[in-house]
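Annotated features, as they stand in TrEMBL:
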- Asp269: active site, nucleophile (ACT_SITE)
- Glu300: active site, proton donor (ACT_SITE)
- 267-272, 325-329, 395-400: substrate binding site (BINDING)
- 122-462: domain 'Glycosyl hydrolase family 13 catalytic' (DOMAIN)
- Asp396: site 'Transition state stabilizer' (SITE)
Amino acid sequence: METSIDVAIRPGAHVQPRGVRYCVWAPDHERLAVQVRRADGTVARLPLEPQPEGYHVGEDAIGAAGNRYIIELSDGTLRPDPASRFQPEGVHGWSECIDPHEYRWRCTGWRRPGWRGQSIYELHVGTFTREGTFQSAARRLEHIAALGVRAIELMPVADFPGSRNWGYDGVALYAPARCYGRPDDLRAFVDAAHEHGLAVILDVVYNHLGPDGNYLSQFGRAYFNPEHHTPWGQALNFDGPDNRPVRDYFLHNAVAWLDEFRFDGLRLDATHAIRDDSPRHLLAELADVAQERGAFLIAEDERNSCDILRRPDGAGAGLDAAWADDFHHQVRVALTGVQDAYFKNYAGSPEQVAATLRHGWFYRGQPYPSWKGRPRGEPCDHLSPHAFVLCIENHDQVGNRGRGERLEHLIAPAAFRAASGLLCLAPYPLLIFMGQEWAASAPFLFFTDHAGELGTKVSEGRRKEFSEFARDHASGLGTVPDPQALETFTRSKLSWDELRLSPYATVLHLYRACLRERGAWLEEVAADRARWSVEALERAVAIRYRPAAGPERLVLTSLEGGARLSLQADSRLRPPAGHSWQLALDSNASWIETAAGAPPERVVTCATSALPGVDTLVFTAPATLLLVARPTEERVRS
């Protein structure tokens, strides 16, 4: 490990056995003070002592958890603590002293599982339930655990301006959003998830801060580097003069989420926009911090770069995995035929879908049309399959559509089920976006709650943003919901009553069946590229698994239907000698509940669940099939 964390400069207010210790980095100020509001309502002023490198430190001997406080700058301006653990009055108001050790953890035997290709359930706290709180989300953990995923990923919860936001406008980076609950409510959510056997991942944003309530530059201009820029705001100073305290601020932030809330991993937003030309990238230091704690890191990075990941030769920044959106784009184009914006870089053909599944990324150094033909990506077959997280939906791909339509809103039900089966039975970690598992009717729209002129600019900018998307432009940009409208937020909330209705329950049972297969055998065999292969067929793709022990399995997917596949004549599909294929799963099966709480019985639409002697499979509709090689009756008798 090359990165060490200095507790002496840990920013924020920290409750001690006796009193509270304050630490603030404010290099532009010779003097700082803290105004503390006691439980009885009186306000005390505590001058902080200047330290080397621009830090200011002080101890309040009679301070306690629950005290409200605010930082007094040298010119008398009052600002919230940049490392506040809670902002009960909003991101512009007074901070609150929080003692993370007051919470009594119930799941004391939990150990971080490390990264081993988990299946992930992504959710937005504010729209996951009607109440939109940590407590109400915890009441739905049984549903997530029963689904069969191994981890939950929370969209960013760092506090933001207003009462609703995706979370990527966060400005109080250490403080859970007060509209979701108090810090102990978040701890209780993580605790309950662990009791259900679920790891919890937090999405964090280390490439920019939101536009409203971002006071860092008032503490020190060196928080930002004018030599760099991001699409969303000022670039943080990770490589300019006085960058070490800025780097430490974000390293301590990662430590706070991992240590104080016991998250198992972090998802790093848009790592390609973390501008850092230092000899050792911030990502590598974050990886050190995570690895030291047994936690894992997942990147969102558009470059398809091996350099950010943990490579077999020990090179690279050391992150465990990255979102691999090429698969999503190929499937979306295959199913919708729409090739606007960045989708124009994909054909969605069986050959391209198969190539993406074979390698993890489709773009591995080929010219990328949207980059004016410059190459994108690099060869990646030397990386573990666990390094690529696939999806057919996530918050970006749904919410960045003008009207927030999910994939299931755009295509036929059979096509959505076929894509779902392929996702779940592919040899890579997967991500399911909340509600996807039952083909939820609710859209996921972009929503904000900015005040005044900023809110107006956000609304106007949102409409302009979709000028590149023909699907939205042709139908009129005026129909794009106003992100500032409360209705835009409420429309995005899931309707859990749908689970009682047949069309939705059918999809849910399919996801549960597929994820049971993953847990039973797929995750183990998928880790070894030598144990599986991917083939492009006519109007279909095939994934063949050859585990070291147990039967071979064959996944066949026709996203558009119309495929005719020869199970005997085609050597790529032929069962092993002395075996025949048995149908184990059909995405077009119908499902019935046998009894409350009992596993469903599958009613297969094929005439038989065994396929001995069957030479040709005809896909009359989009479908995914899972076939298992079983000894033929003749071989069993012998």
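Every residue, even glycine, has its Cβ placed from backbone N, Cα and C.
Asp325 (substrate binding site) sits 9 Å from the residue listed as 'active site, proton donor', taking the CA atoms of both as reference points.
For the domain 'Glycosyl hydrolase family 13 catalytic' (122-462), the predicted model reports an average pLDDT of 97. Cα separation, Asp396 (substrate binding site) to Glu300 (active site, proton donor), rounded: 11 Å. Here the Cα atom of Arg267 (substrate binding site) is found 7 Å from that of the residue listed as 'active site, proton donor'.
It is 5 Å from the Cα atom of the residue listed as 'active site, proton donor' to that of Ala270 (substrate binding site). Long-range Cβ proximity for Gly399 (substrate binding site), meaning a same-chain Cβ under 8 A and a gap of 6 or more residues, is found for Trp166, Phe444, Leu445, Phe446. Using a 10 Å radius centred on the Cβ of Asp396 (substrate binding site) and all shown protein chains, the other Cβ atoms total 19.
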